[in-house]
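A.B. asks: Encoded as structure tokens, here's the structure I'll be asking about.
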Amino acid sequence: MAFHLARLPYNETTYNNVGTCCMDQNQELKKAGLKVTLPRIKILEILQDPKNQHISAEDVYKILLDQGEEIGLATVYRVLNQFDDAGLLDRHHFEGGKSVFEIGHKKHHDHLVCLRCGKVVEFEDEIIEQRQAEVAKKNNIRLTHHSLYLYGYCEPTCADSE
């Protein structure tokens, strides 16, 4: 079992502001201190699509190409880094080593990751959250943020097992 620390605010009010596909991109960018540009708008739209959670920079780039957008891969990486720095999204480093991104305004959750096919399942478990808080308190640590990744295999239905 592996545990990784990511920059996720441990603040319940942060997670109650759930991001949606209808989010006003211009306002989100301005609020984050970023200029509104076409690449930023297009990439934010892709990230706001619920089917594009845990998406890599390369996957964002492929979607842009499929949409006929002329935005380079270097620009995609730069914009994703800017979004990460501004707190608009969360970056995860799952077992495969490459970064994947998701909108950062979601309710707090943890992840199950299949080591064979890469499937990622988000879950919430109050007992796990309580236990983590107890362990931190017992060790005189004031939690500011955390992230939990559990790795295994999604057998018997793993997409790569065929």
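Including glycine, each Cβ sits where the backbone N, Cα and C put it.
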A.B. asks: For the Fe cation site, TrEMBL lists His108, Asp110, His146; sort out which one of Glu69, Glu70, Glu129 goes with them.
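C.D. replies: Fe cation site check in TrEMBL: besides His108, Asp110, His146, the record includes Glu129 out of Glu69, Glu70, Glu129.
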A.B. asks: With every protein chain in view, what's the tally of Cβ atoms within 10 Å of the Cβ of Cys158 (Zn(2+) binding site), excluding that atom itself?
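C.D. replies: Counting Cβ neighbours of Cys158 (Zn(2+) binding site) within 10 Å gives 15.
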A.B. asks: Could you give the Cα-Cα distance between His108 (Fe cation binding site) and Cys117 (Zn(2+) binding site), in whole Å?
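C.D. replies: That separation, Cα to Cα, works out to 24 Å.
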A.B. asks: Going by Cα-Cα distance, pick out whichever of the binding-site residues Cys117, Cys154, Cys158 is nearest to Asp110 (Fe cation binding site).
C.D. replies: Cys154
A.B. asks: Compute the C-alpha separation of Cys158 (Zn(2+) binding site) from Glu129 (Fe cation binding site), stating it in Å without decimals.
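C.D. replies: Just about 28 Å between their Cα atoms.
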A.B. asks: Express the distance between the Cα positions of Glu129 (Fe cation binding site) and Cys114 (Zn(2+) binding site) as a whole number of Å.
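C.D. replies: For Glu129 (Fe cation binding site) versus Cys114 (Zn(2+) binding site), the Cα atoms are 22 Å apart.
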A.B. asks: Go through Cys114, Cys117, Cys154, the listed binding-site residues, and name the one with the sparsest Cβ surroundings, counting other Cβ atoms within 10 Å.
C.D. replies: Cys117
